[in-house]
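**Student:** As listed in TrEMBL for this protein:
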{"type": "DOMAIN", "residues": "B:52-250", "note": "domain 'ABC transmembrane type-1'"}
{"type": "DOMAIN", "residues": "B:317-523", "note": "domain 'ABC transmembrane type-1'"}
{"type": "TRANSMEM", "residues": "B:12-33", "note": "transmembrane segment"}
{"type": "TRANSMEM", "residues": "B:53-78", "note": "transmembrane segment"}
{"type": "TRANSMEM", "residues": "B:90-108", "note": "transmembrane segment"}
{"type": "TRANSMEM", "residues": "B:128-148", "note": "transmembrane segment"}
{"type": "TRANSMEM", "residues": "B:183-209", "note": "transmembrane segment"}
{"type": "TRANSMEM", "residues": "B:229-248", "note": "transmembrane segment"}
{"type": "TRANSMEM", "residues": "B:277-301", "note": "transmembrane segment"}
{"type": "TRANSMEM", "residues": "B:313-340", "note": "transmembrane segment"}
{"type": "TRANSMEM", "residues": "B:352-377", "note": "transmembrane segment"}
{"type": "TRANSMEM", "residues": "B:397-416", "note": "transmembrane segment"}
{"type": "TRANSMEM", "residues": "B:451-469", "note": "transmembrane segment"}
{"type": "TRANSMEM", "residues": "B:505-524", "note": "transmembrane segment"}
């Protein structure tokens, strides 16, 4: 019984200490961007403005559910995700408010934000082809569509279709080529896989370097992080593969964004907007490139030396809202094609 | 008459408490009532058979693996004496401190072509990422559950049974398979049930290994397909498996009675040669499930040891220990309350309450966490609406997004451990004990304090420590539910590891392992306490 009393006391204490937030000048962030990849920027924002930033990180799906369940009482001001699909879902659930900011509209290209201002892209990540230069002649590479070509039988590595970046890629293919053609493409791709999907994007890069496959489809910043790794071995592996920008004669490479939207019940919407504007500022945009090897959403911001070493590319200007709209269809197509 | 009515009323209170604890699972699984999702035909035609098949395969493989290692080591430790026996007693539990997803990342790194092992051995090593590798990972970290339960059962077995078998001409193998094993079966099945539930509910390992199971299917259906109904219904399938397992476990336990009578058999001392060989064999799962992964993590974290000094690292450790400690106390207390109340009076609501309390273990952590979010937010909204209707100021969210939410979720998740452990412990105490105490005038509270609690010391300590270690490793609950600016070791390790920054994840991962070692050592000490008298 004494133990029970102790428990009650303990729980009450935690409730009191954590339950009541103080009302200072603050902004509350739910972020699917991992702590290490957002905290330094938030700290910089606090330094400059004196606004305290409170942060929770977690999977976007879970954060969206939490936002939804908390409803009008939610303390969250800003939702940050690392793909457009989840922002679209939050938007569909009515969790995001419209924001009108000339600054944001000017800095973020229209394809990379929701037309009504419910969310804005903060950084661009390309999903591209990497290849082993000793086994693949880049002249034989052309488009995502051509990855289904029989010449690549048993030569392609790609991660599981559970992954949102693959779901978004397939959604973009459905948007451009239609569902039947994409289904056929997915079947061709599955037939060309060197192995059952396993691991993350870095693992696919390693597999190409190790000779387990000749091509892989990965997000650019993974390669960037590996090429800039502390560990010499990792850098060496990453330099054994080359980047190929697909669909350059057509629509350009498939891109996704990390982005953010102000929540519908934000207690501090003004601070949230200030933070959003800070996140697309020149300084922040350069930070994404230097720290996580992502591309800026703002045209004209200089990228890092490493990113420049891969050369320039043309990117798909499909409105990213489409990726969200077609996500469920993409999952079904991959289910049907047997893409694990 | 009045007292009887009071007890009946308390029965319903207990049932209400159990319902609160089961609510996060029930809100998710309850969606079956809404009828099958429109996506159900698509799922059945494409991925569902694969999910079920793979989940069964993993359960079967892990079940077999943990049985062989767990029962084998338990028997050797209980019945034989050999060099290094005392050290092995707790070392065999060490892999318990290692979360399955972490060992999966670590072994992948160890076996990678650029990894340390490959470089040292200079032979091509197999890729463990796949169903077989997943079974290996689960087996390595989960066998201690079987070992823990089986060892206690083997120690408690009477010498008489063995002697009788010997005089009837049974050799050592025959005595093991025909006498010792059947007598220990209930305990082994109890351990196995925990193993299988953890295997079925795992997400981190199978997601990384690209093994499609019911658990990954739930995520994909919910978040990829955007179909919460179908996802909840898949979770219902997992829950069904859990009900079957619990039933099996209960069934197995009802058959135990005879095991505890008489003097325990004295252990046999092995000669030096075979003894050392056996010791080496027993070190193998510890080497693979703890020592090698720990060394790899150490190797990775060496260049980053300075992070240890960062003030936020201590905060991580503190929060992790606080959550794990509070959950251990809460789960053990609630488990004791439910099980003990049923012993006092086994009426229908109290039996139902004890049964409901274990469901949280059956569903993947994130599903449970989302269930907790939904329940707590509903309570918060109700409170606010109620107060607003009365014209009072509204306090905002009282429960959601607090440490309370995290601890509540972890308690719901791990409640089954104390419920199972204490249930078994109480069943070993003869009802005559209660009658004697009551006839001497002891009221229920005194019966608990002066008779049951002292006799339940071992299962109480075991349950609390197991919950502590499990909570330390638990990730999804903390991930979704935690308050602003609060992190735990598991969150930090997982964030970095899932971004494939294994080297950066190594330090918090190592801290989880080491923080888990202390309770594991305590666990061993608690098991050394002489066993409670039985029936």
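From the backbone N, Cα and C atoms, a Cβ is placed for every residue, glycine too.
Thinking about packing and proximity, how do these listed features fit into the structure?
**Tutor:** Long-range contacts of the transmembrane segment (B:12-33) within the same chain: residues 228-229, 232-233, 235-236, 239, 334, 337-338, 341, 349-350, 352-354, 356-357, 359-360, 362-363, 367-368, 370-372, 374-375, 409, 411-412, 415, each at least 6 residues beyond the stretch ends and with a Cβ under 8 Å from a Cβ of the stretch.
Residues 85, 88-89, 92, 131-132, 134-136, 138-139, 142-151, 153-155, 176, 180-181, 184, 188, 191-192, 195-196, 199-200, 206, 211-215, 241, 267, 278, 282, 285 of the same chain sit 6 or more residues outside the transmembrane segment (B:53-78) yet have a Cβ under 8 Å from a Cβ within it.
Taking Cβ pairs closer than 8 Å, the transmembrane segment (B:128-148) reaches residues 54, 57-58, 61-62, 65-67, 69-71, 73-74, 77, 92-93, 95-96, 98-100, 103-104, 107-108, 111, 188, 191-192, 194-195, 198-199, 202, 205-206, 208-211, 285, 288-289, 462, 523, 527 in its own chain, all 6 or more past its ends.
Under 8 Å from some Cβ of the transmembrane segment (B:229-248) lie the Cβ atoms of residues 25, 28-32, 34, 36-37, 39-40, 43, 51-52, 55, 189, 193, 196-197, 200-201, 214-215, 217-219, 221-222, 355, 358-359, 361-364, 367, all in the same chain and six or more residues away from its ends.
If one looks beyond the transmembrane segment (B:313-340) by at least 6 residues along the same chain, the residues whose Cβ comes under 8 Å of a Cβ in the stretch are 14, 17-18, 21, 307, 350, 353-354, 357, 403, 406-407, 410-411, 414-415, 417-419, 421-423, 426, 448, 452, 456, 460, 463-465, 467-469, 471-472, 478, 486-490, 492, 507-508, 511-512, 515.
Beyond its flanks by at least six residues, the transmembrane segment (B:397-416) meets 21-22, 24-25, 194, 197, 322-324, 326-327, 330-331, 334-335, 357-361, 365, 368-369, 372-373, 376-377, 379-380, 383, 466-467, 470-471, 474, 477-478, 481-484, 486 of its own chain at Cβ-Cβ distances under 8 Å.
Within its own chain, the transmembrane segment (B:451-469) is flanked in space by residues 96-97, 148, 324-325, 327-329, 331-332, 335-336, 340, 414, 417-418, 421-422, 424-426, 429, 433-434, 437, 442, 516, 519-520, 522-523, 526-527, 529, 531-533, which lie at least six positions past its ends and keep a Cβ under 8 Å from the stretch.
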**Student:** Most CB pairs under 8 Å with the transmembrane segment (B:352-377): which of B:90-108, B:183-209, B:277-301?
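**Tutor:** If we count Cβ pairs closer than 8 Å to the transmembrane segment (B:352-377), B:183-209 scores highest.
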**Student:** Given a Cβ distance threshold of under 8 angstroms, which distant residues of the chain, six or more beyond its ends, lie next to the transmembrane segment (B:90-108)?
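**Tutor:** Tertiary neighbours of the transmembrane segment (B:90-108) are 73, 77, 128-129, 133-134, 137-138, 140-145, 147-148, 198, 202-205, 208-209, 282-283, 285-286, 289-290, 293, 296-297, 466, 469, 472-473, 475, 490, 493-494, 497, 502, 505, 509, 512-517, 520-521, 523-524.
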